[in-house]
Amino acid sequence: MATINYPENPSPVADAEAIRKACQGWGTDEKAIISIFGHRNATQKKLIRRAYEELYNEDLVKRLESELSGHFEKAVYRWILDPEDRDAVMLHAAIKETPIPDYRVIIEYSCIYSPEEFLAVKRAYQARYKRSVEEDLAEHSAGDLRKLLVALVGIYRYAGKEINARVANTEADNLHSAICNKEFNHEEIVRIISTRSIPQLIATLNRYKDDYGSSITKHLRDDANAAKEYLVALRTTIRCINDPQKYHEKVIRYAINESGTDEESLTRVIVTRAEKDLKDIKEIYYKRNSVTLDHAVSKHTSGDYKAFLLTLLGNDN
């Protein structure tokens, strides 16, 4: 379930005028910006951007980029874009990360999004950057990691719910055989993980656990026979497939801790899940950590950035 609270039929013209006013004068009224955008869904945000451009002949996204700064500006920027355009921007940044791509983002989109949702992101990526996701990813990665990631982004998975128990049994055995032989980069592992439907994969992973007494991720530990980043990416893929909400809770938990805050990851999860299942992720976080996510975010962030994230979390206090 979503966390944001928004009115049914706000006036995009009135919102555009209020935002214009917030950006004029001696200083930006960040609270006004938060109060509007923090309570608008994707359709409403799109109408505001359109109304603003028609009223003032100016791109609202660029105006806010010039008015805001820091983590707050980045969070607002990613929130007000159309979802597929926002995801294309974050995917591009992840692919261009050095020395290797941020494969977590690439895996999240390719394995958690529906085939249609991810296809929309890839189309937005091509429209914005004039290159394909596969093309850029192949250029900026190498070895087994490239083989896995390009396979994940290049497939259009079957979205049906059918499960073939015989295939699940056979492929669980194939996975176990490759892992026992320490052939972690075996083509069968990549083929099964990257091409099967999500329900079919879950059935295979459950069969693996039932037959071999442990989850497959525990058998994919770091090993001298395989590149560390490849194995971490493989485990990440399986976690995203098995339980996306539990995976997102873990990303947030690692992003806000006593050693420092990973604002990039925290922002990514909140802005991409606030209109989808962030309420469920919040519940998992509370059960795992015995503290509310609102409290944790409030403790580890500050200023307008904190206020904006809390608003997206459904906390209007």
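Heads up, the Cβ atoms here are built off N, Cα and C, so glycines get one too.
Pulled from TrEMBL:
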- Gly25, Gly27, Glu67, Ile256, Gly260, Thr301: Ca(2+) binding site (BINDING)
CB contacts for Ile256 (Ca(2+) binding site) [other CB atoms within 10 A, all chains]: 20
Proximal but sequence-remote residues of the same chain as Gly25 (Ca(2+) binding site) (Cβ under 8 Å, at least 6 apart): none
For Gly27 (Ca(2+) binding site), the number of other Cβ atoms found within 10 Å of its own Cβ: 9
Other C-beta atoms that fall within 10 angstroms of the C-beta of Glu67 (Ca(2+) binding site): 18
Sequence-distant neighbours of Thr301 (Ca(2+) binding site) in its chain (C-beta under 8 A, six or more apart): His71, Ile256, Thr261, Glu263, Leu266, Leu309
